[in-house]
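Reviewing the structure listed below.
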Amino acid sequence: MEKNLQTQPLDEKLFEFSNTDHADNEEIKGKSVGFWQGAMRRLVKQKISMISLILIVIFVAGAIIIPWGKDAEIKYQDPKIQNLPPKIPGLSSLGIFDGTRNGVDVYAQKGVTRDYYFGTDDLGRDLWLRVWAGLRTSLLIALIVTTVEFVLGAIIGGISGYFGKTADMVIQRVLDVLVNIPVLIVLLIVSMAMGQGFWPLVLGLSFTAWIGFSRLVRAQILKYKDHEFVLASRTLGANHKRIIFDHLFPNMVSVFIVALALDFPAVILSEAFYTLLGLGLPAGEISLGQLIVENVGKLQTFPYQLIIPTVFMGLISLTFNLIGNGLRDALDPKLKDR
């Protein structure tokens, strides 16, 4: 049995015609965000990374300002104030850093009116100044070594990856030989030839530090040099300089920043390790590694003399690693929408 369907007229007010203007449909809604601006926004959202960055700024500022112009005071020895415990005004009421040892106020016992925030060592030297001066030296060593690593690694790795062929083969075979030379052997040879000191240590640590970075540069160039935007630039007559600095380098710089940020604390730890082996700075110079070596046997008697520089080294290494991980996430294009 068939029903007769009756059609009802449609009310045009219930419908809205779509926009057929394709230009309007393709209009970008919202403000365009560049790569570096987006990376900075992602970095700011990472609380741990921002805390680490603030701590790094404090460490660097303290290492520059606190020991500034106080070289004589840093080296000054006063037998009357040997092995004073730490005393920080404001914390004494909490029972910490109150200048006491075994319940005895050592400051009052020795008639010392000045507060030594980190105490003094067995020669009566101010550990507050010595720790910050040691941090300054360690940061300077790491800065120089990572700068050498970046410059040599970028140049040699860039030549190897960009030009390839014979240049690449020769450079990589030389690097295969150099990378198998232990840093310990290099430091031994440098120490025998130049003696122990700041620059011999920097030279020894820099000798092979750049090799890994150069291979990273080479790998990144091999990854990008045959992309369409590079081939198009070559077709339009761009020279090597323009291709490298305008097209290749901007695409690789984020990887380089992360690598150097993670290598920085590794250099500081290496300085301490080789100083412990007797191949770092001599006893007359100050670094975090040297302070740890000087006080490594005082854990039972005066533990603060070992713990304080060790905590500084641990914190500076941790903060640089955390900011390196944060930069790696912030500069990753795959995470731009997170």
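Cβ atoms here come from the backbone N, Cα and C positions, even for glycine.
Sequence-distant contacts of the transmembrane segment (50-69), counting only residues of its own chain at least 6 positions beyond either end whose CB sits under 8 Å from a CB of the stretch, comprise 43-44, 128-129, 132-133, 135-136, 139, 312, 315-316, 318-320, 322-323, 326. Annotation source TrEMBL lists transmembrane segment at 50-69 (among others).
The domain 'ABC transmembrane type-1' annotation in TrEMBL covers 135-324.
The feature transmembrane segment is assigned by TrEMBL to 139-162 (among others).
Outside the transmembrane segment (174-192), and at least 6 residues removed from its termini, the chain residues within Cβ reach (under 8 Å) are 200-201, 203-205, 207-208, 211-212, 214-215, 270, 274, 277, 279. Taken from TrEMBL, the feature transmembrane segment applies to 174-192 (among others).
For the transmembrane segment (198-217), the list of distant contacts is 137, 141, 144-146, 148-154, 156-158, 160-161, 175, 178-179, 181, 183, 186-187, 190-191, 252, 255-256, 259-260, 263, 267, 270-271, 274, 279-281, 285: same-chain residues at least six beyond its ends, Cβ to Cβ under 8 Å. Annotated transmembrane segment per TrEMBL: 198-217 (among others), in sequence order.
For 248-269 (among others), the entry in TrEMBL reads transmembrane segment. Within its own chain, the transmembrane segment (248-269) is flanked in space by residues 39, 138-139, 141-143, 145-146, 149-150, 154, 162, 205, 209, 213, 216-217, 220-221, 224-225, 230, 288-289, 313, 316-318, 320-321, 323-325, 327-328, 331-332, which lie at least six positions past its ends and keep a Cβ under 8 Å from the stretch.
Only residues 6 or more beyond the boundaries of the transmembrane segment (306-327), in the same chain, are considered here, and those with a CB under 8 A from a CB of the stretch are 43, 46, 48-49, 52-53, 55-56, 59, 86, 118, 127, 131, 134-135, 138-139, 254, 257-258, 261-262, 264-265, 268-269, 272, 288-289, 291-292, 295-296, 298-299. The feature transmembrane segment is assigned by TrEMBL to 306-327 (among others).
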> Under an 8 Å Cβ to Cβ limit, what residues of the same chain, 6 or more beyond the ends of the transmembrane segment (139-162), are close to it?
Replying inline: 59-60, 63, 168, 171-172, 198, 201-202, 205-206, 209-222, 225, 240, 244, 248, 256, 260, 263-265, 267-268, 271, 287, 316
